[in-house]
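The annotation domain 'VOC' is assigned in TrEMBL to 21-152, 182-340. Summarising the annotation, TrEMBL assigns Fe cation binding site to 185, 268, 351.
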Ligand SMILES: O=C(O)C(=O)Cc1ccc(O)cc1
Ligand SMILES: [Fe+2]
């Protein structure tokens, strides 16, 4: 029985509307000022825009930081009152609340989603300032998460109307540059048996299709397992893998996530670079921590690559020193590495990925990667 499926049928092209790309990710946190500083100092993002009391935003402070096409918004609530914001941050800890997509033909996309039963959190509205206008709507997805749909075709400002631009951070010039270009995929973890209904929601409401999946017919490690289904837009530049735990001898890392997050949520954000070696050297110099890969992995991969058609341009010695993983087929390869969790809870982390004619998600690395995650899980007393 095969473990991986690559789907060849994209289904029918949506009649209208287009998901252009990831627009931005909004994190709900308890202290946006400090959270933004983490992405600037550690990951090389630059401050872009701010909204808060000084700009007339009475409820929330928002810091927008950007690294090429990757935009994160760190948002916190001011008032010490029980709102969904404060409740959700108390339950989940700092978390990714919203995945925003840039779209064309917002009206069609929202109308279609509504007809298919999508829950509209906020119907279409327009925001304006001296740089133009933006139209947006918010749909509910899994758990407490939402998708904001953004039509910014009539807007020229730095981020969104109402935001004030920010100066570059003086620390940046002292630190090694980070060249990471765009969001490659955003992964969500689900509780038991929720992968399939969540995947179908993207098919039914957003007209996404199944891109790739992996089942649990092979237990990846001695201990734990998972199933994963990747949903994609028509153009396949927006990819959303969805994981759920599978039975194993011990607690699945997905189950650990769900318990600490308190339900479904975003597990990792993969960001794409053209030069992973320089990028990881520089991120390590900036103090970003990554998972450790045992040297036996590289011994085996050196051996296997000798019998493969693919030529990896990067030095395997260098990849080994940096703990970067390699997955490949006859036509290409990918290089990927995973950070340790970016907060106290074992919930969110980041992945840096470089692709050379390879569209997979590193299934060849799952065993090694999951063992390395389990090593950390064991240290936490959660395996
Ligand atoms: O599927 C992906 O996007 C991966 O990058 C691999 C992966 C899958 C499950 C995890 O818990 C951690 C990493
Ligand atoms: Fe990933």
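The backbone N, Cα and C atoms fix where each Cβ goes, glycine too.
Shown here: features listed in TrEMBL, placed on the structure.
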{"residue": "185", "record": "Fe cation binding site", "CB count, 10 Å": "22"}
{"residue": "268", "record": "Fe cation binding site", "CB count, 10 Å": "23"}
{"residue": "351", "record": "Fe cation binding site", "CB count, 10 Å": "22"}
Conformational class of residue 268 (Fe cation binding site) under the three-state DSSP mapping: strand
Surrounding the recorded Fe cation site, with Cβ no more than 8 Å from the Cβ centroid of 185, 268, 351 and those residues left out, we find 184, 186, 187, 241, 267, 269, 270, 271, 350, 353
Reduced DSSP state (H/G/I helix, E/B strand, rest coil) at residue 185 (Fe cation binding site) is strand
DSSP on the domain 'VOC' (21-152): how many residues come out helix, how many strand, how many coil? 32 helix, 65 strand, 35 coil
